[in-house]
Structures are given as structure tokens and as C-alpha cells.
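Under the heading repeat 'TPR', TrEMBL lists 512-545, 646-679, 680-713, 826-859, 896-929, 930-963, 998-1031, 1032-1065. Here TrEMBL flags 30-49 as transmembrane segment.
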Amino acid sequence: MRWPWQRKPTDSVVTEKATAEKPISWRKRLPWPLLALLIAGVVIVLFLISRPADPRFVIVVTPFADQDGRTGQQIANALVRQLRNQGANLVHVVLSETKPANGAEALALARQTNADLLVWGTVAAGGMIDSSSLSPEIIYTPHNIDISQAWYGFPIRFAIPNRYVISTEPINGQTILTPYLLALAAYHHGEADLALDQLQSLVENNPQLHPLLLHVLRGNLLWARGWYGAAATEYQTALSLAQGERALLANNLGAILLDAGNAEAPRYFAEAINLLDGRDLGQLRVNLALWALREQRASDAVSDLEQARNLLSPDPELELLIATAYRESGRIAEAQASLTRFEATKAATAARVPVAFRSAYETRLNAVFSEERALTSLEARLPMTGPFYWALATANPLPSADTLRQTRDQLRVATEQSNRAVTLWRQQAASQAAIFPGSGLMATGQAERSEELARRQRLSLALTEAVLWSVENSNRQNPFNQFIAALFGAVSGGNPSVEALRQLREQQPDDVMTLLTLGFALRMDEQYDEAVQTYQRVIELAPQLPDGYTGIGMVALARNDRESAQQWLRQALDRNNRFFPAHLLLAQVAEDTGDWSSAINHWRALVNWQETPYTVVHLARALRRSGASGFAEAERLLVPLATEHVEATIELARLYNDAGYPNEAASVYRDALVLDPRSTVAAFELGETYIRLGDVATAERMLRDALTFDERNLDARLRLAELYEGPLNQPDRAIEQYRIALGQGVNDLDQLIRIGQAALAGNATTVAIQALERALTGNPESATVNQLLARAYLNGNRLEAAAQTAQRTLDLTANRTDPEAISARVNAFLALAEIARRRNDLAAAEQAYQQAIATDPQSIPAHIGLGELAGGQGNWGVALAYFETAAALPGGDTNAAAQFWLGEALLRNDNLVRALAAYQRALELQPQYPEALLGLAQTQYALGRAEEALQTVERAIQQKSNYAEAHLFRGKLLQEAGRFAEARAAYDAAIGANDRIAESFYRRALLAIRNGEYDQAIRDLNRATALQANFPEAYYWLGRAYYAQGRSESALQAIQQAITLNPNYSEAIFYSGLIAEDQANFAAARDAYQTLISREPTSEWGQRALAQIERLP
């Protein structure tokens, strides 16, 4: 037998081991953090967004060009396998037999194969999928499934280049290209925020990746969020990087700047036209049309949009925009014809929108359709058509009240649909952010776009209601007089639309259309002075527009000031604006104190003096117990003896166990049982090894064999009792074993003490008390028995009996300095400390721990206790010092509790590598340690090893099925992995095990928010805050849940409480501003946004606050 890392391939047990360790080869080729990012991160995201109801993103892979005629096909085959294995139902991967020779052929093939993305390129001679040998390019034509289809205006305004060189140097297909392609698929499936994070990480960690596509996608996403300045910056960078299709990028930049109100937009449209060099571009035509509509050049807009319709695929937003342009240019029949094409085009495009967003997308489209249908239908009955405001202003006669009511009702439907779209987008934002903080920003941006539509529709509704009020309240029967009364305000007072429009103005005092509509209503209500002031404000804000001048002119007419009216109207015509004996004794002393260096030196001297199996095995044992640095020498000493001497064989098995090779250890223990078929020690320790391997059924059989070989093997019986108490969950059988042990040791003090100790460890408190009271009856002056009995009483929560027995121990040992007395005193002080802690007397607890240390400065439990006190008060730096001391004391390295608590403090002080080692050491020392498994899982997660963490915490739950904290952490991992139903079950299990943990309710609430179960979420969040008043995150999400339901007051109260608890809670501050904005409390909104801007001007929330504050009065 050899040490596993020294074995040669010819050894009999190597083949299976080597096979199992093959994955190490690829781990060594790349840094672990990068692999963790590429594999864990992307796979989690892909799992999250796999939606069977969605169409799949089609990736076509072609053979790579090569020099030998084989490698390229092999690479393509391997890439297809990886994409299929990792992409699940996210992607449909097609292997093409065609090898395109150039970009034109690649594009043609992409269209022929219905590809969203076609991969082609070259591979170096001898290249492999997992080597840096691929030079890929892609044809990028997303259309089967595409979240950007749901972004308002994006499909008809943004033109995305379709050919990209992925890297400037050959890359690894397995670790770079595969996650890159799957991130693109995830982007289009709706996880744009998370997918971009993945692409960003790939580019940052692989400088050879060309960043052009990343900048384009990020620019698009930032635009969708409404962050126009940042989006423009991304596109400016993209323009500087692009070698071809720069016209498309210039168009997109122009579109962003146009939305931002930036005067530079036309310059980029002109640049796009120059770069097109005579070619046409549908998206550019749409943007030019929007520019024209802003400048009230509806006929120009129609011309551009008719060309765009010929150039672009059918799209419902395009038909709606064309209908608007036709209507505003007076072509009502064509506008109505465009509206008839809406439903057919909507059905085609909606199928490409991810299901999670489809309802919000369709609702918004329906809102715009309802609005345009209402306006077109009304204008079909007006003498003059055009922009709705002017169409109504010039109506003579005014429409009938019935017509206006029909239009009003249709506009109310449109407004309700837009409000519903706002809610749906906000709910998507909340659902995403609840799982991945920082995501959901795209949905928030689209909610704001829907809010802009709703505002526009409210203005049209208010305008219609103003006219309707005028018609319904006019006593004039003559049509001309009716027109004059409505137009010039001859009917006086009481128009309810005026107050509604004033409230809209308070929300956006500088919005030109709001001001114009308010001016219109004021004129109708004969409030001429305020109307003039309103129109003057329009002129100040938009001097290039004719509207303000005309409004004042109309007031002048209402006042019969014709000369002034003419002057203002002429000015209107002049205008048209975005991570040995002496050695032997000394050796034994050194071992007892954990001084393994001295123990090794003494045993080595003994071996040199007399090399026997006994001395060699003991030297090997000391080497083993000294840590990993002694493992190789220990194996070298034991292997020659292990074929004949069972003690050496057993020690070799222990060595393999300590080194983390339990399968090897089990094999060697079986060799020991061949040498001695009735070795109770080998059977017992083999049973313990099977426990480590998780095979508790075989472990039970081996422990029972050990008892068959020697029924008085107390170690085996007590271990079997622990097995029944724990994983086998048979507590009655555990009690039976303790009682058998108690019966076997009925007259032996040492045996009674061991039974009592084991029963304490196995939570059989009643048996422990029985054993120790029996021991105390025969030995009332035994300090050891008294202190153990005090511990047993404590475990049974008999605090007064525990305190009296601990004090009795101190009285018995008051004048003694022998080791037994010192140990008993220390343990008595420890019991008193625990009693004080349960009574919440922390000062008394600390005093008792200090007395224990004064009695024995090397008391590991006392140092641990002080550390626990500090940690319980959040002082983990102080706690770490105590735990470091405990672990460094003699015996600390073999004390599972010391290692566990050291791991706890290291984890909370972000020393993850050492924390991992501490937890692993604790588990080596005590495999049945669910708390250590939970700590290990938390550390693995912090190191980016989420899958390992999940496996580890599930082991903790196997060991302790009612471990609420483990269920809670498992739920978090499952939630992050996108396994939401399992996560919900885990949180339910945590609450069922312990309904006093606030975080369990909080986490379950986040899942409820994700699922749109806001009532359930509110109940759980209220429960969380009731359990833990200082829980700002719970209050914040309680506010978000209320906000998603439209309950603004409750939302604001909850979010303000979150800010009170955490004044630096940026996200809560931001949302307090949003809610205040919704309540038209612009001073409070401004204060909230300004707070973020002043504190963190460059952060995400600071930037969002800056964008929002620019929209405020």
C-alpha cells in the first residue's frame, strides 16, 4: 500500500482513483476564481432563466476552418455538446455541415437556418475545445426570443450590427466561448442585467475578448433603464471600437441622445446617413420620423415611416407610430388602416418576448393602441386633424357629448392599461431584485417609460374631459356659439379638469405638453391671466415651438385684443428642438498537551533506540496527529508493517482518514479485519469511517459487529447510541444502548463516568443523570462526578440543581491543586458561566469564565466561552482573539469545538481560507458536527463554491433534521440557484423547526414577491419585523411589496422605518424618493435624491438619483 499521491499507475487501487481525479487537470489550467465565475455564475443564471414556455434561442455552430480538415469539425462537435449540456432548454443548438468562407456566406447561412446566433471562425492546428486555439466570429441576429422586443421602441429604432469578431487572439472554447454564447442567450431570455454582469466579467478576465458587443448590449440595456447619459457613453465607446457597420451604431447613439433631449442627436443621424453611403436603414428612418414629429413635421415623419415599413419586419409599435404620423398629418383613413394591422403584428412579436415579460409588453402595447384608436376615432369626426391638442382647439363645431364620452371612456381604458403596465413592470423589477439585489433595473426603466405613456394619456384624457365639460355645460344651441364658448372660454368656472391638470403640473412643472393642456383648460374656464402665465412658461421652456405663442394669441382673442393676438400668432409662424522510560513518558505528556513536535522527537528517539512495531506505530501516530506535514513520513513508516501487524494497519487507516481519504481508510480497515477477523477496534473504527462516508446502514452493522466481538466495547456501544440518536433517527434505540452501557458499568466508577459523559454528548440527559447520580452515591466526594452531574443538570435545564452541584464541586476542591481538582474546578466554573448566560447575566458569565482561566490558563472551553460572549455581542474581532488563543493552546488542534469557533470568527472576519481549514479540521475531529457543516457550507459559498456549499449544508440536515439555521441557509442557496420551489420548501422547513428566526420569514417573503404573492409576502415581512425590530431589509421589502400593490402610504412608512434603522440604506432612500414623487411630494423626493447624490455621486444609486432629480420641478 502507498500513500495516494505516491502511488504509481501499476498499483492495484490507482485506476479508479486516477479516473476520479481527472477533472484536476482542467482545474490546474485556469485560476479557480475564474472557473468559479464562469461555471458557477453562468450555470446559476442559465438555470434561473430556463423557461420551457419560451421559444429557445437558436445557436448554429459551423465547422471551424482548420489546416487538417478534421480539427474544425471536432471543435464544432465539442462546442455543440457543451452548449446543449449547459444550455438546457435555454437554447436550441444546431450543428451545421456548411463551413462559411466569409461573412456574407455566414450571414446567409444564419438566415437559412433561422439562427439567432451563428458561430464560425478558425482553429489553430492541433487545437482543442479546452485550449486557447479558437478564433471565433459570430453572426448575431436575435429574433426567436428577445427581451429587447419588449423595450418600448427598441425594435424599430435600434439597428444592431450582425457580425462580431469575438477575440483578438485565440481563446479557450470551453471556459470562454461557451459561457460567452450562453450569456448572450440569457440576455435575450430576459436576464439582461445578470447576463451583462457575466459578459463584463468574461471581458475583464480575458483581455483578448473584443469588447464591442459588450458595449453595444450595455448601451441598449442602459437605454432601456432610462439612463441615457451612460447609454450614450457606451455607444461612443462602441463607435470608437467598431471597424464596420458604424452607421448602425451612429443611428443608435442618435436615438439615445434624442430621448435624452440632447441637441447632438441630429449630428449623429447625419453621420449615420453619410456612413450609409446611399444605403437605407429602417431604424434611422424611424428616428428621423420621431425627430420630425417632435418638431411638428408630421408629413416628413410619414415619408420616413413609410420607407421604414418597407425596410423593417412587421412590428406593432411601427404600425402605431405610423398611425400617429398619419393622424397628425391629417391622413385619418391611412391611420385607421395602420391600426387594423396592429393585432396581427402584435401576435407575431409577442411570441418572441419572454413569457415573464409578455404581459407587461402586451399591456403597454394595448394601452398605446387604445389611445391611438380613441384619438383617431375622435379626429375622424373633427373638421381638422393633426396633433390631438390642435385638432380639438380648432374644432368647429365641437364633437358631440356622446362622441366625447366615447373618446373619454377609451382614453380611460388606455390610462388604466398603462397603469397596469407600470404595475407589471414594477412587479418584475421587485421579483428580480428580491433574488438578485441590483437587478431588475431594466424593468424599472420600462415601468418609467410606461408611466410616461400613462401621463401622456392622462393629458389627452384631461383635454377631452375639458371639452366635454364645456359641451355639457354650454347653454348655447348655435354651433358657432358653442365653438366660441368652448374655444375662448365663454362658459365660466368649475371645470374639474383644471384642478386635475394643476396636480399634473405640480408633478412635472416644466413639461410643455402639461402646460399646454392646462392652458387650454384655463382658457375654457375663463381663467385668462393664469392661462397667459402658463403659456409664457411654455415659451420660456420651448421658444422654438409655436404652441406657447399661439396659446397667448388665443387668450388675446378671448379678450377681444385682436392686435396683440395677431402679433403672438405671427411669432408662432416664425418657429419650429438624452472574492524510552523518560522518552516514553515525555512523549505521552507531549501528546496529552498537543505538543506534537516534542512528541515526535521523543518517539523518534524511541524508534532509534528500539525499532519495534509499537514504537514505529506510535511515532507514526504522533506524526499523523501533528498535521498534514507529517502524513507522508507516517505512511512510509506504516506501510511495511501493515501487511502483518494489525496495529499498524489500523493506524494506517486512521492516517488515511485524517488525510481526507475515507475510501482508502475503509479499504485498509477491511485489511485489518482480514489480519484479525474479530478485531473489535478495527470493526468499531471502520463503522466510524462509514459514518464519514455517509453509509450509516453499513456503519450500524460494523458497530454491532464490534459489540459482537466484544460486548463491553463501550466506545462502540456509545458510538452506536450516537448513530441512533442522530442520522438513523431512532432515539428509543439510542436510549437502549445507553441503558445497556449503564447496566454493564453499574459498579465501576470509571465506566459510570464514561456512560454519563457519552450520554451527555448524545443528548440522553436522563440516562446521564441516572449514571452520574449512581456514581455520586458511591463516591459523594468525587469532584469529577459532581462537576459532570452539574453539567447533566444544566443540559436538563435544572439550573438551580446545576448551580448547587457546581458550587459543591468548588467547595470540594477549594484547597486542592491536583490535576483532577483543577479540571473539576474549571468545569464547575464553566457550568456556572453557562447558567449565568441562560439567565442573561453576561457579567456573571464573563466573571466565571475568567475564574476558569485563572484556575487553568490553558482551559480551551473557557477561552471559547469568552469568545462566544464577544461574538454574541457582535464583537467578532475580539472573539477571534479568544478563539485563536483557544486553538493555539495545547490540545487546541484536536479540539473540535475550538476549531469550529475559530472557523466561525474567521468567517465573520472574512478570512475565508483559514475559516475553511478550521471547519474542515473540526469535522475531521468530529464528523457528526452539523454546526461545523453549516459553517463550512457558508465559507464555501463565500468562496464562490455554491454547489459544494449546497451539498455540505444538506449533510448538516442529514445529521440534524430539525436544524432550522441549516434549512434557512439551504433555502438561500437553492434560491440563488433558481430552484425556487425547493427554496420555498426549505424556508418552510426552517420555520417549522423554529418559528422565531426572522430571516426565515424574510427570505420566504422575497420568494413570494418574486411570484407576485404580495399578500403572503406582507404577512411574512410583518412577522419578520415583529421578531426582529432592527431589520431594515425586511422593512424595505415590506415597503416594496406595498408599493407593488399601489399602497403608497404603507410603502412609504415601511421604507422610512428601514431608513431610520439604517440611514445609509441607499436603495431605500431612492425608493422613498420614488414614492414621494408618486405622491407629488417633490420636496421630499428631491431631499431623498440629493442625499444619495451628495453621499455617493458615482454609485449606481447616486446615478439613478441624478437621473430622477432632473425630472423633478
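Using N, Cα and C of the backbone, Cβ positions are placed for all residues, glycine too.
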### Same-chain residues near the repeat 'TPR' (646-679), Cβ under 8 Å, at least 6 residues beyond its ends
1, 4, 13, 613-614, 616-617, 620-621, 624-625, 628, 631, 634-635, 638-639, 685-686, 689-690, 692-693, 709, 924
## Note on the structure
Rounded mean pLDDT within the repeat 'TPR' (1032-1065) lands at 94
### Query
Apart from its near flanks, which chain residues at least 6 from the ends of the repeat 'TPR' (1032-1065) lie with a Cβ under 8 angstroms of it?
423, 426-427, 430, 433-434, 998, 1001-1002, 1005-1006, 1009, 1014, 1017-1018, 1021-1022, 1024-1025, 1071-1072, 1074-1076, 1078-1079, 1095
### Query
For the repeat 'TPR' (646-679), DSSP counts of helix, strand and coil?
27 helix, 0 strand, 7 coil
### Query
For the repeat 'TPR' (998-1031), what are the DSSP-based totals of helix, strand and coil residues?
27 helix, 0 strand, 7 coil
### Query
Using DSSP, how many residues in the repeat 'TPR' (930-963) fall into helix, strand and coil?
27 helix, 0 strand, 7 coil
